[in-house]
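The domain 'MGS-like' annotation in TrEMBL covers 1-125. According to TrEMBL, the substrate binding site annotation covers His11, Lys15, Thr37, Gly38, Thr39, Thr40, Ser58, Gly59, His91. What TrEMBL lists as active site, proton donor/acceptor is Asp64.
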Amino acid sequence: MKKLTLALVAHDAKKDDMADFVAMFENDIRPFTLFATGTTGGRVMERCPSLSVTRLKSGPLGGDQQIGAMIAEGKIDTLFFFVDPLSPHPHDVDVKALMRLALVYNIPMALNRATAERLIESFRD
Ligand SMILES: O=C(CO)COP(=O)(O)O
């Protein structure tokens, strides 16, 4: 059976949360083929060295758009995007575009840790 793909993205203020989350649910996350924006992927691999994560560009340099394009191509099954709602982001249009494509293609999308925890549990057999 084809492995499901999971994309991980976190704004700077949420990167600790993302690394903690992945470490806590490492066994649930391991079966997925993992993609991440550049810095998020680096932090996740630092925390969980046994996980293999394909790192795309950093968000502000096009990483969000790369993940959006992969969603449009049917290459991403699930998106965990830990959003910082309290800081301005220079690439906010890219952030919105990524969320929009996740909605257009109706893929499961968790925008905070509480939702991601419940969603990842739903993939258990
Ligand atoms: O900016 C991001 C999401 O919008 C994430 O990008 P990085 O993981 O490279 O910080």
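Any Cβ shown, glycine's included, is placed from N, Cα and C.
Automatic, uncurated: that is what TrEMBL annotation is.
These numbers come from a predicted model, not from an experiment.
Features per TrEMBL, on structure.
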{"residue": "His11", "record": "substrate binding site", "contacts (Cβ under 8 Å, 6+ apart)": "Gly59, Phe82, Val83, Asp84, Ser87, His89"}
{"residue": "Thr37", "record": "substrate binding site", "contacts (Cβ under 8 Å, 6+ apart)": "Leu8, Val9, Arg55, Leu56, Lys57, Ser58, Gly59, Gly63, Asp64, Gln66, Ile67"}
{"residue": "Thr39", "record": "substrate binding site", "contacts (Cβ under 8 Å, 6+ apart)": "Asp12, Lys15, Ser58, Gly59"}
{"residue": "His91", "record": "substrate binding site", "contacts (Cβ under 8 Å, 6+ apart)": "Gly59, Pro60, Asp64"}
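Classification of His11 (substrate binding site) by DSSP places it in coil, neither helical nor stranded. Secondary structure at Ser58 (substrate binding site), as computed by DSSP, is coil.
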